[in-house]
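Over in Swiss-Prot, the protein carries these features:
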BINDING   K141, E178, Y179, D187, R211, S212, N213  ATP binding site
BINDING   D248, E260  Mn(2+) 1 binding site
BINDING   D248, E260  Mg(2+) 1 binding site
BINDING   E260, N262  Mn(2+) 2 binding site
BINDING   E260, N262  Mg(2+) 2 binding site
DOMAIN    104-287  domain 'ATP-grasp'
Amino acid sequence: MKIGILSQNETLYSTRRLREACEARGHEAVIINALRCYMNINSVQPSIHFEGNDLTGFDAIIPRIGADITFYGCSVLRQFEMMDVFSVNQSIAISRSRDKLRSLQLLSRKGVGMPITGFASKPDDVPDLIKMVGGAPLVIKLLEGTQGIGVVLAETQTAAESVIEAFMGLKANIMVQEYIKEAGGADIRCFVIGDKVIATMKRQAADGEFRSNLHRGGSASLVRITPEERKTAVAAAKAMGLSVAGVDLLRSERGPLIMEVNSSPGLEGIEAATEKDIAGMIIEYIEKNAAKKNRRHLQYQ
């Protein structure tokens, strides 16, 4: 098969591993920088051009779209979908997962456990907003932040009010969430492919830090999850419509709570922690499902 990997940087660990896994299984891998693509949108034969050439003959696409290029990256991916190319994750599912508020609303609708969350732009009663999520300590997040950036732990009512008012002064949309103290600065990353959790790791925040992101100095280790945690992770990915996802959850006194569903989960930390060939599993998923799509397409021609 000819498999395209939408990635801005071919030297990134995840991109390299996916290319290696493609080639190890006898497939052709092509790295495509979505920002350098341009599209011909028409009702007869939509196409994508890259470096002066038509991008044709692809059997599947693996989208590794950075948060900063979500709009354009999803536009390019949508064009591939219009050309009837199989995508590991569809553009609409990626868009859902990148909108933090929308993703939480979808999880809420499906009854998936998550921290109590408030959303505001210019609340006229900041103390009531804080009270709504259980009071201090609480977590305050910028809606557009990634990798732990724009996330603040406010330990007192006064600190919370000050941070919220500061963000309001920047005309930023914010979320406030209850702080899950019993999680102890740790979360669990569940790697979902299809309807299965195929790998898990525990991420522990560094000393003096409450954010467990590996980019923030957190550490990763093996962890065994419960059947309830497994079911919750799969349900969260399904709520977004994602076939491949990194689902982050917290262990709380009332069960697993979803923090985030990532449509382009990194491979480096979890492959190192679990010693599993996750890149290979993604390619295996493509082999099984792209073939099904192609068979269905032939039936309807």
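Glycine is treated like the rest: Cβ placed from N, Cα and C.
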Local Cβ density at Y179 (ATP binding site) - other Cβ atoms counted within 10 Å: 19
Candidate nearest D187 (ATP binding site) in space, where candidates are the binding-site residues D248, E260, N262 and distance is Cα-Cα: D248
Measuring Cα to Cα, how many angstrom lie between K141 (ATP binding site) and N262 (Mn(2+) 2 binding site)? 16
Rounded Cα distance in angstrom between D248 (Mn(2+) 1 binding site) and N262 (Mn(2+) 2 binding site) is 8
Tell me which residues of the chain lie with their Cβ under 8 angstroms from that of E178 (ATP binding site), as long as they are six or more apart in sequence? P115, I116, T117, V133, G134, L138, V139
Which same-chain residues, if any, lie at least 6 apart from N262 (Mn(2+) 2 binding site) yet have Cβ under 8 Å of it: S97, A245, G246, V247, D248
If you count CB neighbours within 10 Å, which one among the binding-site residues D187, D248, E260 has the smallest count? E260
